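Structure, as structure tokens:
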DNA sequence: TTGAAAGCGGTACCAT
DNA sequence: ATGGTACCGCTTTCAA
């Protein structure tokens with residue numbers, strides 16, 4: 001059933017039906033009601049494809065996120081959920097595109113075939129060819145994350161440098177002198193993932209400022225890797241008393257590694273980092289962390305994109321978020337670290 | 001730029017360009033190459049909307065999942081990821097639709113406006129109006145989950161009843177006599193969520209078979225609720241020595257509640273259930289559980305849907321999965337439960 | 001206030 | 001092997 005059918009049954013022309021439905025031209029109350037009746041009776045809904053073809057807008061936004069394999073993290077889930085929800089509020093649908101790079105088939109389809117009006121990108125790299133490409137063709141998009149040179153572009157990001165610095169200062173204030181940093185997987189760091197790179201920067205800088213003895217580690221996005229990472233940390237420097245992490249997926253494994261090494265959190269060992277709030281609360285003791293406001297970021301990204309779509313030519317806008325550290329239960333004053341085989345340290 | 005532009009530059013007709021690109025009609029090697037050159041030079045890609053309008057197919061599948069609010073679980077994330085990935089392999093894009101019911105705007109758009117060729121539904125209820133609707137209008141879809149009467153429909157599901165029964169038998173075999181069941185939130189149970197209902201059935205049945213003393217609980221989808229739930233359990237019957245859960249999101253909280261009550265897992269208290277593998281491994285000790293093969297289920301759902309789309313009229317197919325219980329570290333023989341204030345039980 | 005008709009950008013049938 | 005053209009279903013301009 002199509003608009004012609006409605007028109008015929010209502011005894012009017014197709015254009016009148018179109019206008020009656022869109023309200024873009026006045027229609028007499030009489031005919032409008034007659035049309036509405038037919039529409040209701042037949043449950044007519046205009047075809048999205050035809051409409052998209054005619055007016056050049058799909059009412060769909062693309063959400064570009066990295067292909068799996070790299071396991072997804074809870075944070076990504078929160079982003080996806082909030083983007084979809086926020087988009088629905090503006091009557092946009094969301095098309096998912098698993099694309100790591102510019103040249104991915106899925107990414108090319110999204111743009112080249114004009115399946116979406118605009119795009120939101122996740123998992124930004126400091127140099128990101130997807131964003132370069134989008135900027136080059138002036139395609140409306142908003143990044144969740146910030147490149148090395150975000151000037152003049154649309155994004156909503158987190159100040160990872162600052163957040164990790166705060167974590168380090170928090171630990172230093174508690175008296176910790178030997179601290180480890182547990183980053184995302186090496187391959188992501190190498191690829192220039194923003195959070196991994198900026199987080200590492202912040203860690204290094206703050207550690208130097210406070211004169212801490214530190215080591216940095218890359219860690220796979222899963223529990224087993226986290227557990228192994230803690231073993232390495234304690235092997236490399238058994239006197240380590242705290243760690244900072246960005247690696248949400250490894251968190252459970254980090255805790256397990258510590259338990260296995262008989263380091264009680266937070267008495268013998270403190271843990272903190274940057275993690276989405278819901279996930280920080282699933283571990284015991286609950287993680288003191290800068291909570292990634294994933295839901296808010298997703299919502300803001302959609303708002304920016306909608307604004308950009310509604311007002312082509314609008315000046316680029318962005319949001320840089322710096323959520324506070326939520327003090328929970330995983331950090332405490334540094335005790336005397338246990339020597340090998342001497343059992344847990346005694347807290348003064 | 002459109003197909004007419006290509007045709008003009010290549011000095012052929014529009015139809016020839018179309019055929020050259022689709023291969024649906026032989027084209028002389030000469031002209032084909034000339035066309036390809038122009039296409040490459042201009043980076044031409046046909047418009048998805050126009051193509052969809054012309055041939056009635058969108059090359060998009062809809063993924064219908066419940067709106068947030070109900071927090072998302074890790075399992076849902078795994079479903080989404082695997083569906084997107086599998087769909088990409090068949091050159092389908094995935095459109096996300098957050099719809100709890102039939103009448104949701106988003107759901108209506110998906111169908112009524114013909115945005116997608118088919119749909120995959122998550123979070124099935126035993127009586128599910130979305131599926132009824134889809135069946136009524138004969139819309140190609142596959143459910144991840146199984147209604148009360150799944151005969152003659154397409155789905156890939158998990159035998160929750162059987163899985164939970166096995167969990168109970170596993171505990172009974174270990175000597176546990178007083179066991180609790182931690183279900184999904186009450187509101188979902190009431191709504192008839194398949195896993196919640198069938199899981200409960202299995203629990204009740206197996207418990208009766210083994211003559212166990214049991215209580216069943218509903219629990220919110222978050223850590224705090226899990227923690228509170230354990231408190232209730234131990235308050236209601238301090239002699240409880242084990243629990244079975246379906247509630248992945250509460251798992252961390254369940255562990256915390258037990259730790260707080262000084263029940264050491266698995267020495268004093270055993271925990272098991274039905275949970276996606278990755279998440280079972282994030283807790284310490286790692287959860288002995290029937291691992292939900294979320295990735296496989298998503299992939300199978302896409303395969304079924306693609307089959308259904310390619311062969312309209314094909315006989316309904318389904319997959320009922322019964323993954324084995326992975327023995328990890330959270331269950332052990334029942335000890336003598338501790339009386340109040342007597343400290344942990346002594347294991348013989 | 002309403003209708004007729006020209007697109008939007010492809011596909012595929014009917015000719016040649 | 002190729003070209004011409006009707007058509008997919010809706011929007012919007014132009015006319016009445």
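In case you wondered, yes, glycine gets a Cβ from its N, Cα and C as well.
Remember, TrEMBL labels are computer predictions, not curated facts.
Of the given residue ranges A:307-327, A:328-348, TrEMBL assigns the label region 'Disordered' to A:328-348. Per DSSP, the domain 'HTH lacI-type' (A:1-55) is made up of 39 helix, 0 strand, 16 coil. Mean predicted confidence for the domain 'HTH lacI-type' (A:1-55): the pLDDT average there is 97.
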